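**Student:** Before anything else, here's the structure in question.
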Amino acid sequence: MFVLVNLKTYPCDPIAIAEAVRDVNDTTDARLAVAPQAAHIERVAETGVETWAQHVDPIEYGSNTGHTLAETAADAGAVGTLINHSERRLKLADIDGALRAAERSDLETIVCANNPTQVGAAAALEPDAVAVEPPELIGTGTPVSQADPDIVRDAVEAAETVDPDVAVLCGAGISTGDDVVSASDLGTEGVLLASGVAKADDPTAALESLVEPL
Ligand code: G3P
């Protein structure tokens, strides 16, 4: 299972969490990575942890004030990027453009979607993976894999129908190893999570408990 810890803009210590993710990654067969804010990518990547961008824009080098260029994220050490996170929505044409920008920089891609219908549309754009995240469950501690298993099952089916090569992940409310096991049982290849680690008193213990049953 792939476990991507999204730090959003939480007031956590990105380096301490990056080191915890790196160290727990070394103890498990699961693949752990962290997605810090753009300004922290370089320092986080220097810890040796697998580092992802939270977003890249559908742009090239040029006059794009305030944007995130895929090439710059990759130069800073990112190996992948989220696109169209629920908190950073893009229009369809811009999701496509961001995917092409990520491809130029050899960034692995996960396109986020609210529901199975959007998962199917996202899969048609040929990302490496799609992630279904019901917005109403994000940050609640109520895990999508247990609270709404049908949305995860339907997302897996929707992506499979469009392009069987596109992996499916799920996210929202995931915070325990049981949540991750449920996600795996539903056919996903990974989870996105944030508050369960970024807001934990002891991020290392939170990460250890997440991967313990895997
Ligand atoms: O990107 C993952 C995120 O949206 C899920 O947030 O806090 O529910 O784990 P959280």
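Any Cβ shown, glycine's included, is placed from N, Cα and C.
Grabbed the feature section from TrEMBL, which reads as follows:
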BINDING   N6, L7, K8, I138, G173, A194, S195  substrate binding site
ACT_SITE  H85  active site, electrophile
ACT_SITE  E133  active site, proton acceptor
**Student:** Find, for the listed recorded positions K8, H85, the residue with the lowest Cβ contact count at a 10 Å cut-off, counting only other Cβ atoms.
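**Tutor:** The recorded positions K8, H85 were compared, and K8 has the fewest Cβ atoms within 10 Å.
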**Student:** In terms of DSSP three-state secondary structure, what is the assignment for S195 (substrate binding site)?
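**Tutor:** The three-state answer is helix.
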**Student:** Taking DSSP as the reference, which of helix, strand or coil describes N6 (substrate binding site)?
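**Tutor:** SS state of N6 (substrate binding site) = strand.
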**Student:** Cβ distance under 8 Å to I138 (substrate binding site), same chain, sequence separation 6 or more: which residues?
**Tutor:** S86, E87, G171, A172, G173, A194
**Student:** If you measure the residue listed as 'active site, electrophile' to the residue listed as 'active site, proton acceptor' at Cα, how many Å is it?
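**Tutor:** Cα of the residue listed as 'active site, electrophile' to Cα of the residue listed as 'active site, proton acceptor' measures 9 Å after rounding.
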**Student:** What are the non-local neighbours of L7 (substrate binding site), defined as same-chain residues 6+ apart in sequence with CB under 8 A from its CB?
**Tutor:** P14, I17, V34, A35, P36, Q37, H40, Q54, A194, A198
**Student:** N6, S195: which of these binding-site residues has the sparsest Cβ neighbourhood within 10 Å?
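**Tutor:** If we count Cβ atoms within 10 Å for the binding-site residues N6, S195, the smallest count is at S195.
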**Student:** Three-state secondary structure of E133 (active site, proton acceptor) from DSSP?
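**Tutor:** Note: E133 (active site, proton acceptor) is coil by DSSP, not helix or strand.
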**Student:** What is the separation, in Å, between the Cα atoms of E133 (active site, proton acceptor) and K8 (substrate binding site)?
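**Tutor:** It is 15 Å, counting Cα to Cα.
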